[in-house]
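Just below is one structure, and these are the notes that go with it.
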Amino acid sequence: MAATLPLYQVLCASGGAMEEGKLRRALRLSAQQVSRLLEAGEGREFVMRTQDGERLVVYKSALRLCTDANRLCGGTCGRLHICRFFMLGGCTRPRCKFSHSVDGETDQQVLRKHKLTGATMAELRCLLLQNDPQLLPDACLHYNRGDGPHGSCTFQTKCNKLHVCQHFLQGDCKFGSKCKRSHDLTAGETKQKLLKWGLAASLVPAILETYLNANAIKNAASAVESPQLQSLAIKDKPDTQKSADPQHINEICLYFILNNCSFKDGCVRDHYPLPYRWQLYIDGAWKDLVGMEDVEKVYCDPNSSHPVANFDTMMYKSHPLRRLSTPSSASKPPHFILTTDWIWYWKDEYRMWVEYGKETDAHSSSSTISSKDIENVFLSGTNTDIQFKAGRHSYVLSVKDMMQRNTKHNTKRMVCRRPRFVSAEEVNKRKVRNPSNASAKSTPQHWDKGQVPEVGYKLVGLSQSSEEYKKISAAFKRTLPDKRIHSIERVQNLALWEVYQWQKEQMKKYNGGKEVDERQLFHGTSNTFVDAICHQNFDWRICGSHGTSFGKGSYFARDAIYSHGYCSSDSQHYVMFVARVLVGDFTCGSSSYMRPPSKSPSAFYDSCVNTQSNPSVFVIFEKHQIYPEYVIRYTKPAMLASLR
């Protein structure tokens, strides 16, 4: 038979908790129905505790009283606005300035949110006393240490906290009647403190049960909602990462997920089959969490009532926690798959996280910005405040402070950033690439259309009689006339080309529609890295350094002779790339630069150079600004080589 009363009413009628057997009878449910009810609601609507060998069901609620005594929140805090002393049952002020009722629309909205519509004041008092930690005084920790009638508490009888056994209030004192600490809440000094605190005398006799219930709820929040340390994997990192430094890796390799990372063990990114990876720092090393997908699912939902760790501080107990991730989708072209789609939320007056631009009927109007807009500003690194509107209200969002502010009322809302959840099953589905993605219309006209692979690249040899060959050869020999070119090959990698064109359009858009400074530049390297560069583009951390005088990035030169100095020969055979590079707006570099410096409060330069007036060396920090266009293979003339 169905339950005739809400669960909270039944439990509140019994002081906030009830034995499991009595609850079944009160709800008129079968043992199987109660079992399903407990399984579905434990941790959310109630927690369990044991007393005298019986399992008790304790009602749990996120309902709280507003703590703003000056009422500056304007009723938007998502809490009840009612007199604290009235809720304790002992308000004696004849003309109390605080409400003694929850009949107002603001409080009724709060009660509806917590599914407590129709709750009586006695029921709300019962729920709040055991759920809201601000309402009851704590046991004095100093009293519970040291000897003497007041332990080590120097305030003694003037202490506002209770001088009672802490373990007694927790229900786990092993000394019982032989305990040297007080176990009495209903008489003497302790009772007087409770009355002075504001608790009604009629509530004192049953207050121990309230403390026991509150302790069970508190323990459930810290124990049930966090994974046990024993559940974490303690295996070492996979062999695929042995050559990288796992301590400083923070990005997952997209190419590895798609099973085609050419850098293999030399890759500076994490090799993992999912676009996210959760790890705990234990015994000097990062260890994978068991149930990776489950942890990710909880993290992706900011409204989850079961956070597995402190995601604000990224800590689990005393252990640092980290989440490795693929790059943000806002930093990559639209056709890139398995990037991380970040969602931005604000916390409403009901303490619920709401996605920007996706406000529901509970809010009068949607904001004029979306998660994508905020993410673009966040990735720019400029910490620029975002101004937007929602209906007739104007707001300023600070990505630096993760806070939203109403410009008129100065009301502040917390902001958070979480990824959109992607299951392992969805990852596998996305990895199946649609051949139609390799659209013919995006292929350059001068490419050999029959040599454009669906995945990866093809090297297409140029005829020495072609204008294309002559142009590249002339640029090369302008500063290296004595070198003999054996071949010039065109790199045909549609994926890299599309990324490069996308980056070009982005830079043009941010440049007010003006064309971007684009150049063909040289880059000397070793034959060892040719395949990886053709496949995945340049990465200065892997493909060898050309110095760091002007910044830590990939170096390109106007003159081939400069790049020749960085070529590694293999039996007098050399290899050099001619890259198409979006140098954009540049400035003089510095060895300390990890990215170009700011050119304005809201923008950065695109690259760094050796000299501003007539640059011959360019440093590129973003590989999407580069397309490895040609591979030149050459040697020194035999006669000159024999003389050297």
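Each residue, glycine too, has its Cβ placed from N, Cα and C.
Automatic prediction, not curation, is the source of TrEMBL annotations.
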Give the range, chosen from 38-59, 82-103, 126-147, 522-543, that TrEMBL lists as zinc finger. 82-103
Could you tell me which of the ranges 164-186, 233-255, 302-324 is annotated in TrEMBL as zinc finger? 164-186
Intrachain neighbours beyond the zinc finger (82-103), with Cβ under 8 angstroms and 6 or more residues off its ends: 65, 111, 121, 124-125, 128-129, 135, 195, 197-203
